[in-house]
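Trainee: Just lifted these from Swiss-Prot, have a look:
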- 1-67: transit peptide (TRANSIT)
- 68-109: topological domain 'Mitochondrial matrix' (TOPO_DOM)
- 110-131: transmembrane segment (TRANSMEM)
- 110-400: domain 'ABC transmembrane type-1' (DOMAIN)
- 132-154: topological domain 'Mitochondrial intermembrane' (TOPO_DOM)
- 155-178: transmembrane segment (TRANSMEM)
- 179-227: topological domain 'Mitochondrial matrix' (TOPO_DOM)
- 228-251: transmembrane segment (TRANSMEM)
- 253-273: transmembrane segment (TRANSMEM)
- 274-339: topological domain 'Mitochondrial matrix' (TOPO_DOM)
- 279, 280, 281, 282, 283, 342, 343, 344, 345, 392: glutathione binding site (BINDING)
- 340-358: transmembrane segment (TRANSMEM)
- 359-373: topological domain 'Mitochondrial intermembrane' (TOPO_DOM)
- 374-395: transmembrane segment (TRANSMEM)
- 396-696: topological domain 'Mitochondrial matrix' (TOPO_DOM)
- 438-674: domain 'ABC transporter' (DOMAIN)
- 447, 471, 472, 473, 474, 475, 476, 477, 478, 479, 480, 481, 482: ATP binding site (BINDING)
């Protein structure tokens, strides 16, 4: 009986036993792309001084690029105090988003919104003056001047109502005009962060907490919206309104009223700033606990089957409850400290209002002030309560939003390790002959400095040949595929494709030339059709159906209620492992890449389906004289390869054809083959029996 390998027909060399009897002896290996493991190590963030304050002198440099570290140590001030470097960079970055270069229409919209805001504040300050005049005009003899007084008062009432309505109208128009500005800024930052995350290396994503990342982005974008509105439409306008009120009080009523007002502003601001700085630590604790809770929940749901396999629902619920308890405790501290802040602010303002009312009543009693003046002073000071209370709210919410934005901008500050060199050029494959020669020259690489995976590995994969890479677990097989695909850069040595150093070609052109079937096939929560189309986005439905037939997915399509439009579930959990691998192979064939990599591409298939699919793959690959590399533990599937490279301890121990390697009975390949061919099965079973007996 003829067996089929990945690259062609293979005749049996000796008596073979069913794979089911020897599968337990096949040496296992790590997958090319593992399911993401949640790291318990929180990303190290730049320290934020909890006592840094906000309220403004030196402002922003328009040359600052979004999310880019700068070496300048220029200080930024807000609310009269120096804020931290990280907060300064965030504020500068936000200014760029609302005042972008080469977008005059965008700038005009910002200017128009600011104009509406100023008009709203001017009308708002006029309202108490109309009220004062109405009161004073009422204090006359109506019998002598009924018509005149009625006309004047009627006009003042209309003006009063018009000013109040106009202030509200201009304020709402301002919000409408600025809405697109804020949303555009949010979209830009979120998009840039997402693109930056996609450009990060594989190691970054394998070591990060997915739930924490998504929550940080969500809170960060909301924080951007608040900061933009607070900075542009509240801090400056509130300062403008307070200045106008103080000026009016000094001009009309002397320094005493203005002194009380200024003392109130100062006391209010100092109390708010100090208390908010104290509360910042509680908010940061709440954010960290919130991130941890989101991470635990997401990790538990992504690993739903593992939770069920080991009956650990209670354990996961306990972990989630612990994270929620930490968040609850931190949130209680946030709420109680907020109550203290609000009570203190109200006490300061109420004391000031009481003092000014006493001074005003005393003026009326002595005849130096009219009743209208008393009303005006009361209205002006009381009117300040809204922006003043909002000023405190703005400060504490601004600090909170900056904390929420902190992780978002820290993500953008992570260095992209795998990127194009300054002089990178597109990969040019051999156009005159067969493309895809791959050469490793003294390559050394390890995921950790103290544990190298490859050590001075050198070998050549000829163009157009079918190469298999085998070896014990941890010998570096999957690492080679990752390095070819440039998920990582080598520590030393070089990798060439058609004579070009892959570190000096563009990453996009390199990966466009390579197709891969990973052992763990990640799929999108989309239809079968769209998951296959992901291999080549411009592929037609007809081409996709051809690939479905070639990889024998027709039965799955026929049995599915929605056919090719069946949703495969998150990461493909709603279809079997074998179906996922066939779908991945269909996606690879659709890509038409000149270099193809197979990492245990048929490990989840039964023997019959595997043999049938291998024949199909061989036919497709034979038509294209390209380079094909396969990693396998089932040595029968790669025995027909043009060359087999045997790795051991990070180095090439031997290489050759299947026949040549078997001629040396002491070769590592022969040992692996003999184990799988059951020649040593009795010895293995005896050792297993002894170990079992010892354990008893």
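Numbering starts at 1 and runs along the chain as it is shown here.
Quick reminder: no glycine exception, Cβ is built from N, Cα and C everywhere.
Set these features in their place in the structure for me.
Mentor: Below 8 angstroms of C-beta separation, residues 98-99, 156, 159-160, 163-164, 166-168, 170-171, 173-174, 177-178, 181, 232-233, 237, 240-241, 244-245, 248, 372, 375-376, 379-380, 383 of the same chain, each at least six residues beyond the ends of the transmembrane segment (110-131), sit close to that stretch.
Looking just at the topological domain 'Mitochondrial matrix' (179-227), the mean pLDDT is 77.
With a cut-off of 8 Å between Cβ atoms, the residues of this chain six or more beyond the transmembrane segment (228-251) that come close are 55-56, 78, 91, 94, 97-98, 110, 113-114, 117-118, 121, 124-125, 174, 178, 181-182, 185, 257-258, 261-262, 265, 377, 380-381, 383-384, 387-388, 390-391, 394, 397-398, 401.
For the topological domain 'Mitochondrial matrix' (274-339), the DSSP counts in helix, strand and coil order read 62 helix, 0 strand, 4 coil.
For the transmembrane segment (340-358), same-chain residues at least 6 beyond its ends with a Cβ under 8 Å from one of its own Cβ atoms are 257, 260-261, 263-264, 267-268, 271-272, 275-276, 279, 374, 377-378, 381-382, 385, 388-389, 392, 396.
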Trainee: For ATP, with binders 447, 471, 472, 473, 474, 475, 476, 477, 478, 479, 480, 481, 482, what's the maximum Cα separation in whole Å?
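Mentor: Largest Cα to Cα distance for the ATP-binding set is 19 Å.
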Trainee: Could you count the residues of the topological domain 'Mitochondrial matrix' (179-227) that DSSP puts in helix, in strand and in coil?
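Mentor: The topological domain 'Mitochondrial matrix' (179-227) comes out at 44 helix, 0 strand, 5 coil.
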Trainee: With every protein chain in view, what's the tally of Cβ atoms within 10 Å of the Cβ of residue 345 (glutathione binding site), excluding that atom itself?
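Mentor: Neighbour count, Cβ to Cβ under the 10 Å cut-off: 21.
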Trainee: I'd like the Cβ neighbour count for residue 279 (glutathione binding site), meaning other Cβ atoms within 10 Å of its Cβ, all protein chains included.
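Mentor: Residue 279 (glutathione binding site) is surrounded by 21 other Cβ atoms within 10 Å.
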Trainee: Which one of these binding-site residues, 283, 447, 474, 476, 482, has the sparsest Cβ neighbourhood, judged by other Cβ atoms within 10 angstroms?
Mentor: 447
Trainee: What whole-number Å value do you get for the CA-CA distance of residue 279 (glutathione binding site) and residue 480 (ATP binding site)?
Mentor: 51
Trainee: In the same chain, which residue numbers or ranges, 6 or more beyond the ends of the topological domain 'Mitochondrial intermembrane' (359-373), come under 8 angstroms Cβ to Cβ?
Mentor: 131-136, 139, 252-253, 256-257, 260
Trainee: Look up residue 476 (ATP binding site) in the DSSP assignment and report helix, strand or coil.
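Mentor: It is coil.
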Trainee: Could you state the whole-number distance in Å separating the C-alpha atoms of residue 482 (ATP binding site) and residue 345 (glutathione binding site)?
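Mentor: On Cα coordinates alone, these residues lie 59 Å apart.
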